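Written out below as structure tokens is the structure these notes cover.
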Amino acid sequence: MGNGGIPKLISEIDSLLNPLEGLTLEDADLDFGSDLDIRNLVDWIQSGNKAKKIMVLSGAGVSVAAGIPDFRTPGTGLYDNLQKYNLPYPQAVFDVSFYRSQPQPFVTLAKELWPGLTHSPTLTHSFLKMLSDKGLLLRLYSQNIDGLEYLAGIPDEKLVECHGHFRSASCIECGTTADPESVKNTIIKDVTVPKCDKCGGNVKPDIVFFGESLPDRFHQMLRTDVEEADLLLVMGTSLQVAPVSMIPDMVRCEHRVLFNREPVMKIRTGKDLFLPGNCDDQVMELCSILGWKQDLLEENAKVQINNSSNFKNDEGTERKNLRKEPREKT
Ligand SMILES: NC(=O)c1ccc[n+]([C@@H]2O[C@H](COP(=O)([O-])OP(=O)(O)OC[C@H]3O[C@@H](n4cnc5c(N)ncnc54)[C@H](O)[C@@H]3O)[C@@H](O)[C@H]2O)c1
Ligand SMILES: [Zn+2]
């Protein structure tokens, strides 16, 4: 396949899988389930039996309030702001074959995005941590690579990082694991490409590039989670990247809730709920009605990375030590 073949193919498959791409509230001839509102969601959560195994699918939109741009929002999204990298097409920055010959654009971007240095978890991340603490979270499937779920304190077992993470790294040629600290230093301090000790190939953090498989954990957990979940929350994703984009159609639960600025999936009357706008605003509204608002604000204050006196930073140090070994090959 020639240069650009795989991303092009992915985008063609995606457009088949995502017939609603580009729709806005105004032009979409869809039913947005106006018979349901946020109080229905509150009832499901408070009933004690309707939403006690909540599955969440999140995307870049949940981290926009942390100052990390999403991909596809026109104007502010990363894809509209990659001109400085001189890429043949925007997705090239996350393409393995491109990284092999031209690693510098990813290295420069990775330095900007490296988790734990500047960006703190948002209210939405802290809300998901609260769901976990209350025993209501079945699993969080995050497409993000910013590590903010991890920094928010969501336990490993509750989290599936569908597109990998920066905490481990390996060679794109021979697969040999590299020392994560040294990879981090090479990228953050030297802003150059880390090289493999064994074969001299380019090393990258274990985030999933186009053309790479998702972690085994994703497939393993998904099989049973789609059967078990009693509610699905879809938050801040355009549902443009397969196979994650198929999750809303795979779950067996009766109700699904979409927190997004745009209607990215079909809303079934009487079953689904669309909460438009910024997910942090909707989360605040939801937590106010649930009586969780104060706890949410306190939970979020603890995980702000500039707050050096908080216990989460202490916990973060501990968690980092616990996670020296790569958890999965991505
Ligand atoms: N933070 C990150 O880690 C990050 C950032 C950019 C892209 N990505 C990558 O992008 C790929 C998939 O794309 P995606 O679907 O996650 O992102 P995307 O850019 O394709 O879509 C983001 C969606 O969130 C919506 N949105 C933006 N801000 C929002 C807000 N404040 N509240 C609610 N909704 C908001 C947008 O309207 C859009 O529908 C993933 O592979 C992911 O790895 C990750
Ligand atoms: Zn190698």
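Here the Cβ of each residue, glycine as well, is placed from N, Cα and C on the backbone.
Taken verbatim from TrEMBL:
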type: DOMAIN; residues: 31-293; note: domain 'Deacetylase sirtuin-type'
type: BINDING; residues: Asp70, Phe71, Arg72, Gln143, Asn144, Ile145, Asp146, Thr237, Ser238, Asn260, Arg261, Glu262, Cys279; note: NAD(+) binding site
type: ACT_SITE; residues: His163; note: active site, proton acceptor
type: BINDING; residues: Cys171, Cys174, Cys196, Cys199; note: Zn(2+) binding site
type: REGION; residues: 308-330; note: region 'Disordered'
type: COMPBIAS; residues: 312-330; note: compositional bias 'Basic and acidic residues'
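Feature map: annotations from TrEMBL on the structure.
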residue: Arg72; record: NAD(+) binding site; contacts (Cβ under 8 Å, 6+ apart): Tyr79, Ser238, Gln240
residue: Asp146; record: NAD(+) binding site; contacts (Cβ under 8 Å, 6+ apart): Ser63, Ala66, Ile68, Leu113, Pro115, His119
residue: Cys171; record: Zn(2+) binding site; contacts (Cβ under 8 Å, 6+ apart): Ala178, Cys196, Lys198, Cys199, Gly201, Asn202, Val203
residue: Cys174; record: Zn(2+) binding site; contacts (Cβ under 8 Å, 6+ apart): Cys196, Lys198, Cys199, Gly201
residue: Arg261; record: NAD(+) binding site; contacts (Cβ under 8 Å, 6+ apart): Gly61, Thr73, Pro276, Gly277, Asn278
residue: Cys279; record: NAD(+) binding site; contacts (Cβ under 8 Å, 6+ apart): Gly61, Val62, Thr124, Met235, Gly236, Phe259, Asn260
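The binding-site residues near ligand 2, defined by a Cβ under 6 Å from one of its atoms, are Cys171, Cys174, Cys196, Cys199, chosen from Asp70, Arg72, Cys171, Cys174, Cys196, Cys199. Each of the binding-site residues Cys196, Cys199 was scored by how many other Cβ atoms lie within 10 Å of its Cβ, and the smallest score goes to Cys199. Residues near Asp70 (NAD(+) binding site) in space but far in sequence (CB under 8 A, at least 6 apart, same chain), listed by position: Gly59, Ala60, Gly61, Ser63, Val64, Thr76, Gly77, Leu78, Gly236, Ser238. The distance from the Cα of the residue listed as 'active site, proton acceptor' to the Cα of Asn144 (NAD(+) binding site) comes to 7 Å. Among the recorded positions His163, Cys171, Cys196, Cys279, the residues whose Cβ lies under 6 Å from any atom of ligand 1 are, in sequence order, His163, Cys279. There are 25 other Cβ atoms within 10 Å of the Cβ belonging to Ser238 (NAD(+) binding site).
The sparsest Cβ neighbourhood within 10 Å, among the listed recorded positions (Asn144, His163), is found at His163.
According to DSSP, Cys171 (Zn(2+) binding site) sits within a strand segment.
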